[in-house]
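Record features, source TrEMBL:
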{"type": "ACT_SITE", "residues": "F:S188", "note": "active site, nucleophile"}
{"type": "ACT_SITE", "residues": "F:D275", "note": "active site, charge relay system"}
{"type": "ACT_SITE", "residues": "F:H304", "note": "active site, charge relay system"}
{"type": "BINDING", "residues": "F:Y92", "note": "substrate binding site"}
{"type": "DOMAIN", "residues": "F:1-320", "note": "domain 'Acetyl xylan esterase'"}
{"type": "REGION", "residues": "F:123-143", "note": "region 'Disordered'"}
There are 6 protein chains.
Amino acid sequence: MALFDLTLPELRTYRSTAPAPEGFDGFWERTLDEARAAAKPVELAEVPTPLRGITTYDVTFSGFAGQPVKAWLNVPAGAPGPLPLAIEFIGYGGGRGLPIDWLIWNAAGYAHLVMDTRGQGGNWRGGDTPDRDLDGAGPSAPGFLTRGARSPETHYYRRLFTDAARAVETAAELPGVDTSKLVTTGKSQGGALSIAAAGLLPDRVAAVVAGVPFLCDIRRAVTISDSFPFQEIVQFLRANPEKAARTFATLDHFDVVHLARRIVAPALFSTALMDTVCPPSGVFAAYNELTGPKEIEVYEWDGHDGGRSFFDVKALEFAASVLRL
Amino acid sequence: MALFDLTLPELRTYRSTAPAPEGFDGFWERTLDEARAAAKPVELAEVPTPLRGITTYDVTFSGFAGQPVKAWLNVPAGAPGPLPLAIEFIGYGGGRGLPIDWLIWNAAGYAHLVMDTRGQGGNWRGGDTPDRDLDGAGPSAPGFLTRGARSPETHYYRRLFTDAARAVETAAELPGVDTSKLVTTGKSQGGALSIAAAGLLPDRVAAVVAGVPFLCDIRRAVTISDSFPFQEIVQFLRANPEKAARTFATLDHFDVVHLARRIVAPALFSTALMDTVCPPSGVFAAYNELTGPKEIEVYEWDGHDGGRSFFDVKALEFAASVLRL
Amino acid sequence: MALFDLTLPELRTYRSTAPAPEGFDGFWERTLDEARAAAKPVELAEVPTPLRGITTYDVTFSGFAGQPVKAWLNVPAGAPGPLPLAIEFIGYGGGRGLPIDWLIWNAAGYAHLVMDTRGQGGNWRGGDTPDRDLDGAGPSAPGFLTRGARSPETHYYRRLFTDAARAVETAAELPGVDTSKLVTTGKSQGGALSIAAAGLLPDRVAAVVAGVPFLCDIRRAVTISDSFPFQEIVQFLRANPEKAARTFATLDHFDVVHLARRIVAPALFSTALMDTVCPPSGVFAAYNELTGPKEIEVYEWDGHDGGRSFFDVKALEFAASVLRL
Amino acid sequence: MALFDLTLPELRTYRSTAPAPEGFDGFWERTLDEARAAAKPVELAEVPTPLRGITTYDVTFSGFAGQPVKAWLNVPAGAPGPLPLAIEFIGYGGGRGLPIDWLIWNAAGYAHLVMDTRGQGGNWRGGDTPDRDLDGAGPSAPGFLTRGARSPETHYYRRLFTDAARAVETAAELPGVDTSKLVTTGKSQGGALSIAAAGLLPDRVAAVVAGVPFLCDIRRAVTISDSFPFQEIVQFLRANPEKAARTFATLDHFDVVHLARRIVAPALFSTALMDTVCPPSGVFAAYNELTGPKEIEVYEWDGHDGGRSFFDVKALEFAASVLRL
Amino acid sequence: MALFDLTLPELRTYRSTAPAPEGFDGFWERTLDEARAAAKPVELAEVPTPLRGITTYDVTFSGFAGQPVKAWLNVPAGAPGPLPLAIEFIGYGGGRGLPIDWLIWNAAGYAHLVMDTRGQGGNWRGGDTPDRDLDGAGPSAPGFLTRGARSPETHYYRRLFTDAARAVETAAELPGVDTSKLVTTGKSQGGALSIAAAGLLPDRVAAVVAGVPFLCDIRRAVTISDSFPFQEIVQFLRANPEKAARTFATLDHFDVVHLARRIVAPALFSTALMDTVCPPSGVFAAYNELTGPKEIEVYEWDGHDGGRSFFDVKALEFAASVLRL
Amino acid sequence: MALFDLTLPELRTYRSTAPAPEGFDGFWERTLDEARAAAKPVELAEVPTPLRGITTYDVTFSGFAGQPVKAWLNVPAGAPGPLPLAIEFIGYGGGRGLPIDWLIWNAAGYAHLVMDTRGQGGNWRGGDTPDRDLDGAGPSAPGFLTRGARSPETHYYRRLFTDAARAVETAAELPGVDTSKLVTTGKSQGGALSIAAAGLLPDRVAAVVAGVPFLCDIRRAVTISDSFPFQEIVQFLRANPEKAARTFATLDHFDVVHLARRIVAPALFSTALMDTVCPPSGVFAAYNELTGPKEIEVYEWDGHDGGRSFFDVKALEFAASVLRL
């Protein structure tokens, strides 16, 4: 890959031109209220693994509309609590997989809640949470970006963002967790969810980590990214050109640029200048909305793998510093 | 492409080794009975188009579990009825699109019912019928082959095959149709549905046309086809290897080899020897189960585009001959 | 694909910088006069098809230098004439194929003349008209863009453009045609020919339809399109760099920007913003030369498939409006 | 690439099953007689180059039907004659290019006649000889394999093979050439022409060199090669399936398996086991027909670049040995 | 991918036909003796990381010819020793990266030594150990398979296999390690090294884990794998065809089929039936040489990612069972 | 390909912004002095070939640090000396191959010294010179661009540039060479070496030919080229991001922009506007530093094959003119 987006100096000051949809805050407030009203107590079941240093629980909590959402809770075996908690969201297409897939935050002394992604997990890392789409929202391109795109009410990401916020709220019900030390974290779609959860619940989250986040400045991204998942939108609009305005009006509700604006906790973002999947202009568009303490790691030579474990180390250092561990 | 499957002489005698699932006939009888019990009368609404030689109706009929399914009904304008009816099913991923997309059977003097494909139509030709998956059947690979794969009851193709059979039954409610002259037709997934509908309702269908049909001899196809959609199964099993046996047990219910066996009407199939999407061994596996009058067009040099309008001409000639038009 | 050419606002005012070749009008006047002088009466032979609603004729008319050119004439069976006539030209590489391939205009009540493309039809839809290149014009890149590129006199498109104009003139010899209602139409190369025929015979054509037209603003297109057919020119100039100036001087005679300027009939164009085969700047370069009534459909999310049957519907509506059907 | 064709032991005994067409010898005898009858004396014009060690002539000789064909004649400057002559034929798509492109045989002390390939030279190495196709033989796939495929009389390779034979006969008119020491040579299409010329004129050629020859065992090659040029035949038959039998009947006349059988001079062939363009089974099919002294170089790890200059060295050693230089 | 190698029943009994090179045991005995003679004491330096649950040491031990080789030693913080030790080898191209990249065995209660791969680590996961190639062994294809291929003495894998054996021997010098509980483990190249180390030091290793191992049945693999790294050999032999016999004679010394035969510890292998990088016939060729207790995980639908963390879980369970943890 | 770099008018004035490294001249002076101090007399051994018009010597001369470097010396057989000498350097990845690969300069009357490229020759044209990297400089991306990148002292191109300069100095030891008529020449990497040798030894070289030279304006090239070899740097920095500054500081020593500045002999460069391997902005960056007589051939339609034998002819004409042959 070569560079393809704005230059780094341009990125530093780039702002998205997309206005927040009318009624944006009310839309989310209503959605979360409905989810809370339908919520049941979290369920935890310890599961055996060959990881003798970790205690793993199969978690079921109430997400969108009270629907059950799965997660793994990994806790360092025998650690004296309460512990800080990292709430992790997963990249596009993958589910929660196996407990063994998630060891980094435990190794750094955190409890770790890994939220399954509803409906995802069918084509790379497996998942266990169905996406109950009660309305039968109509044809969409393969994938999730246009699922239910006819309105914000029916869009897939309304349900998933709500799950993410509910995962944060569920922390208070988990044993041995210090709820003053919640970190949201994730990469790509997981980064978008990390931003979304922190933007929806700014009072609950103590630190935000978002690696190469997806769903930023969507209207621009779809004109410069040749890659999937953004190409799902192009596919859908080719098949259904009359739905373009409505589709973008819907997607605006899930552009995390508008949720980044509401974050108050310290935040660490990353972007990669050769990332054609989640273009750097989008990441900076979200980053430049942040008003609290913030840092961004810029990987000049990376694509969407942006930083890999270099960023993991940076994220742990950032979180330790913010949480004063 | 080069040849990659069995040789033509081998194909002529190839039989699938997959046994029909236990309870196969009962499964389908029960499914159809439930659909019929939930059915409402068909609705037709004339829609204006610039096609002055054709009268078009937007059709809504009751499919699986009584759920509404859309279709186009194109009738030669001013033609004296009753007319023979071609019931067309659509290739993978596409919806019913626009009435102008479907002119061939009208030009040959048929009424033409084009069934929309539930949930499809989001990435090439648009569709209008949602797939109501009330159970939230869990993660699947992008696409439809593994949607609801945990059991035959929940699998997507249970719903779609039922829609197809119901489309045939709906013919009796359409104005000006000669129900003794129903032809099921389609290519690829549409060919599979044409076989399925005729196998589910052997008494109703007068002629069967299936071009390069999909969903034939699935267990073999998935080991020799490098292409999508069969690769969806591979994707799903990579992410969920523990589900392999259950997934294939489910898919067996939708392998049209077992439904071809029940067809009694004259049938025309086609296959292409360089078709890596729907391998010729699968097509012959289904064809070699047919016990009634039958013909197969073998396109030696084609891929999955197998025959294109050469086959359309052949299909019209075949149908005219069977129906004695 | 992502956007790659000018932005839509820039396209709206973009003008080609290529001047019309000296002697351009005389070149074409002389060419058409020679073709007319060599012309023989059109021949029609009815051909049987399974399309009972359409009467099909195998047409042979006199094209460039009086050479025989094939066409299909499809007429709605039993329609009272005289009928408006759509004269269709075909996309690059394809021939007239089968009568069943051409049903749209009949379904809308038109007689439909589909001109075969000399020499084309060997690699996707079959053709029946040889390209008699009497001079043996020398090596060219595979394809037609550089065939006979040593001079405008010997270039392939001189012959093909002349065939197209002669197809329009032939309409007067066809039975049951209302020659005041001739529409030229086509996509890609067919769109270029639609423009060319209307520009060569501005008094004969009542409406012009050109979908994603090829051969527009060639000198620019060849520097921004990575795709074939424009890459044929790059191939040829790599092998024969000393011929660059002469080749472009020749191609200027077939850049439809210069023929669009002569059109007086109402015209409908289309372009797609992700079309790398016929870049949108070229289409607008031609469109912006039109001085008569005009419309352009811009498909923001399409590639070279620009609009597909959405555009077909639009074209029928446009033609019906212009012809007051 | 991995191995894809027969194993080496199988190749050693592989025979083509294609019978020679009826009237094969007469077809070629008549064709050559007509060419000879129309022939004019060769023309030579010295051309300046920066190659001070070589004298270069631009040659025009009479090929098929007496049509002019270009060649380069490179002679070591100041060498005392008469010299042995290498007659070189060129790979698919290329023309004679520049005199500087052809230095190997001169460096070994030969005069070197490089025949231009009619009609080729438009997409990689330039050419100067038009292909005069007086009959306008109809649409063909881009390229030359199906040009004029409706009959052996009109096929492109009838003209090109005749040019090659005439190039050999022309040697007698060239100054300073020892006509008892003529070597035909070439790679790929050039190898096929080397075989063809030697098979058509077995009495004139003293040694035959054919590297990875094309046009061998065509009916099999087209079913196992995914690559162009053989895929041209597949393209053509997809567009024109009704022409399959006639096309292969025509191509049989240009399958060099049937001409290899007539060679009496010592011959050196090469093949590469990973060559998907000219599969090794074809090369051995031709090689195994040779009845005179013969050698074959088998490059186990090469694709169609088979041996490169390793084979050039081998070819020079072989020729020196046969010609007792 | 589709299946491309032998069927599973064939694989179960497949044996490599490659004989062990003459003097094979002596070659390795001499090589190891020289390395031991040149060895210096291991060096450990604790390094800070944000992983509070793990103590990490930067290890430098003596590998081939006493050259320094880097490793990470990760030990569960505060765990009472002595601990079992997993010795991990890395896949092709990667270096030891960061300590955070290696958490699985720690989480299961092991000390974990991750050996850096000399010379690798320049194109995906970084490394820190140079490959000192004192002889300047001559040109090779990019990569390591043909580096020093002129003789077993100079080949890269002689050095790397020796490093791997020395890593096992170094375990005795590490603090808090139970040397009766050494597990060698790795995937792909790491799997080959796991086999090699255990075959070179059969008395030292208590359990062997080899996921989708590389370097098995090399002579066959290179004819059926289209992928790198085996294609490096093809590249090299194309450039240097005269070196084929010598190259394979060299590579035989590093075909782990011959080292698997010497293993006595219980072993767990894995293979994937769609793995074109390390074909399953090679893996079974090695597996079928094992004479001790053994298991093989066969992933039917995977490529070279064979099993991913499903296999990690299996490996931990296997090791716990063998070591009676 | 389409155009992707600056426009031609912009290129004409483009200057690199990279400053020459501090101590640049001293670095090279010291390096060359050390090489000279370690040099031994050149060795020549005549080798037999089938090229009767050329006498070939296998040459061994002293390169970097006195290490032996191979070359071919081809001399027109029996030519009266002293002759001008062309010193040729080879493109990336290839070695000196066979004497038959190098005939152009001989044919024009030159003696021709073809320097082998240390370590290269393992994946396309074979080589015979090892790269003795005595320091074991650490992991690098496959290839040579990052080999030894930790400092200018250890970088591969320090050794190779020195070899090139030493090849020029070796000319004085070759029999029958007119040392006042030395031409350095090459393409791609060979072009870079041609510039480097002439810049290092400005007094020795009479004419410089550099076709599509590599290693120009490296810092920019790596951000606009999607192709290898420049992508090696991207690979390396992805794996080792902390080494970016040091790596570029090292590479600056081998950016031939800084050596072009020192050339005084007449120079001929070429570039191709669609060359994504060695972007035209880099070539002009070097060309625009030249202060002596200079010419540049711009191939508008070529990629990295830039000009092919058209450029060879131009190069011979240029050299003949400069040397007054």
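Just so it is clear, glycine is given a Cβ too, placed from its N, Cα and C backbone atoms.
Whatever TrEMBL says is automated annotation, not expert-curated.
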### Cβ contacts under 8 Å made by the region 'Disordered' (F:123-143) with residues that lie 6+ beyond its boundaries
65, 67-70, 90, 93-97, 101, 116-117, 149-150, 154-156, 159, 228-229, 232-233, 235-236, 239-240
### Task
Looking only at C-alpha atoms, tell me how far the residue listed as 'active site, nucleophile' is from F:Y92 (substrate binding site), rounded to the nearest Å.
7
### Message
Looking only at the region 'Disordered' (F:123-143), how are its residues distributed among DSSP helix, strand and coil?
### Response
0 helix, 0 strand, 21 coil
### Query
Do any residues at least six apart in sequence from F:H304 (active site, charge relay system), in the same chain, have a Cβ closer than 8 Å to its Cβ, and if so which, in order?
F:S188, F:V212, F:S227, F:A272, F:D275, F:T276, F:V277, F:C278
### Message
Looking at the domain 'Acetyl xylan esterase' (F:1-320) alone, can you tell me the average pLDDT?
### Response
95
### Query
Going along the chain, which residues six or more apart from the residue listed as 'substrate binding site' have their CB under 8 A from its CB?
F:Q120, F:F144, F:S188, F:Q189, F:F214, F:P229
### Task
Specify the count of other C-beta atoms within 10 Å of the C-beta of F:S188 (active site, nucleophile).
26
### Task
Let me know the DSSP-derived helix, strand or coil state of F:D275 (active site, charge relay system), please.
coil
### Query
What is the number of other Cβ atoms found within 10 Å of the Cβ of F:D275 (active site, charge relay system)?
25
